[in-house]
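Down below is the structure, laid out as structure tokens.
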Amino acid sequence: MMLPADFFVPVSKMMLLALLLSIIICCGGAQRSEPMFTAVTDTVLPQDYDSNPTQLNYGVAITDVDNDGDFEVVVAGYNGPNLVLKYIKEKGHLVNIAVDERSSPYYALRDRQGNAIGVAACDIDGDGREEIYFLNTNNAFSGIATYSDKLFTFRNGRWEDLFSDEVNLRRGVANRFSGRSVACIDRKGSGRYSFYIANYANGNVGPHALIELDETASNLSRGIIVLSNVAAELGLNKYTGGRGIAVGPIVNSAASDIFCDNENGPNFLFQNKGDGTFVDIASSTGVDDVYQHGRGVALADFNRDGKVDIVYGNWNGPHRLFLQMNTNGKVRFRDIATQKFSMPSPIRTVIAADFDNDQELEVFFNNIAYRGPSANRMFRVGRREHADPFMEELNPGDASEPDGRGTGGAVTDFDGDGMLDLILSHGESMAQPLSVFKGKQGLKNNWLRVIPRTKFGAFARGAKVVLYTKKSGAHLRIIDGGSGYLCEMEPVAHFGLGKDEASSLEVTWPDGKIFTRSVAEGEINSVLDIAYPHEDDTVTKPTDIECGQGFSVNENGRCTDTDECIQFPFVCPREKPVCINTYGGYKCRPNRRCSRGFEPNEDGTACVAQVAYFGSYPSSASRSQALFLHCTASLLGLGFYFQIYTL
């Protein structure tokens, strides 16, 4: 029997609305409408010959250049001077203090002759003040450059280049190869850092380098700082198209590891063996990504399981978000990037931070307008209970810069309002000034900023900070030692709290030293400076610490995961008797048996292939396929409706 056409008319609008809404929800095609950033360049850093010239800029690093306790923004100038931007609170402006005056203590930092591309800062000699490394690439894409790198230290009341010292000239230690990124690592946990340089080799010319203090040959009391390149003896002198670097306790609990994403070759994941030597485990852990060309990279714990994950961009290739897993004692990484997240782009910098202080991390992709506009993109990566994190594309607002020739970027809170500020540099194919952006979302959310120090009082780059909260479990940050690609973020563990409260924090230094302390209610929305602990400081009374939900204090006064599965009465219901302890929680599932190579799914209703067993890691394909089928069903439903409606 054919129904009359007017039968469908009363419900047509509602059905159409429902079907369209279903398609929008399942396909997730739109960005959030609220812009995340607003440009403040015109007021904070107006275009200016001295402080914001229109020139080719590259890397951006955050450090305390003038030793006054506030951060400065250091910018690598390629066809112009390097810049050191200081925030003047009274004026609300960023001003370049590396002025063109030879009497200035910062004059040498300008290094007008160098074509600087990468920049990083850390304390190489243990004087409590960070040195600044500029990686120059004069007249060379790869291989040998015509001008060496610069390594500046503050000595004799001014910044001076250590590579120009006679003793270091005789040693020929200055890097003269064309490189890209530079990062800092305290490989032995001594509090003194080495600079790791990702050079871009031309055949067997231009290996990676690791430059550090030669303690036996130096006389620090007389200002004699002797340097050595120890990459060869550590097996780090690799020949490849070096691009991005990230440093921190990636697979170790404390000692700093090194991740390098490369071009025209596999990535490296150098695991620190605990004595300052390394072994490459990229292939065995699944992050070698042989056929892609890496750029920006950052470290974070996206699913809040206490393990460090790796996110990076590939040049016009699929971007990656590798979650760290531990299966039968073996470390593996699994790419969970969704189709939208992994969408290829001419990527440069990648930044992971909580820009709106809502407790969820955002990932910012800074692109370069390459053969046409290429807007920057941004995703919220949020934790889901017993599932992979969700990825929600956000609207970057003014920071989208579709015509920006993005080459670098960094985050810091230069005005002290608890919201991270974003500084982007541009260049390469077109001279453009710097851009500065402030966050617009989450202005009323709580926050906490933690700055660990080395035993010498410098910033403890590579340290791990875990913040325990009353309602949302543990949040992990790594103090940045150089990442993003050519850049280095602020040496701060920045935590957005939303409406939650912090209960305690734990800092782990690269030497394995651990310090735990409670966080008072009055310390929320403030900056905590954490000194390197003396022996007496590491002893914490358990009664002083509150860990929050899912964690409890052990006999050493540290917060550890509570194993709910051994508690009485039993936490799981009878229909799901299998209890699995997770970091900060637990999950229950039915007692389902599976064949070898398979395991129960999350609900225990079916057997699915074990990712680690088959030695592969699912990309977005499986999720994209499910999403595609769901969307297709909705579209078919819509088509069916229109077909009936027209009958």
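Positions of Cβ are set from backbone N, Cα and C atoms, glycine also.
Checking the candidates C588, C607 against Swiss-Prot, the cysteine paired with C594 through a disulfide bond is C607. Reviewing C547, C579, C588, the cysteine that Swiss-Prot connects to C565 via a disulfide bond turns out to be C579. Disulfide annotation in Swiss-Prot: C572 is bonded to C588, selected among C559, C588. Counted with DSSP, the repeat 'FG-GAP 4' (397-439) comes out as 3 helix, 21 strand, 19 coil.
Proximity of C588 (disulfide bond) to non-local residues of its own chain (separation of 6 or more, Cβ distance below 8 Å) is seen for V571, C572, P573, K576, P577, V578, C579, I580, given in sequence order. Here the CA atom of C565 (disulfide bond) lies 23 Å from the CA atom of C607 (disulfide bond).
Within the chain carrying the repeat 'FG-GAP 2' (107-149), a Cβ under 8 angstroms from the stretch's Cβ atoms is held by residues 58-61, 63-65, 67, 74-82, 84, 98-101, 158-163, 174-184, 186, 190-195, 197, 200-203, 205-206, 212-213, 218, 220, 225, 241, 454, 456-459, 461, 481-482, 486-488, all 6 or more beyond its ends. Across all of the domain 'EGF-like' (561-607), the predicted model scores a mean pLDDT of 85.
Cα to Cα, C594 (disulfide bond) and C565 (disulfide bond) are separated by 22 Å. In the three-state DSSP scheme, C579 (disulfide bond) is classed as strand. Sequence-distant contacts (6 or more apart, same chain, Cβ under 8 Å) of C565 (disulfide bond) comprise V571, C572, C579, I580, N581, Y586.
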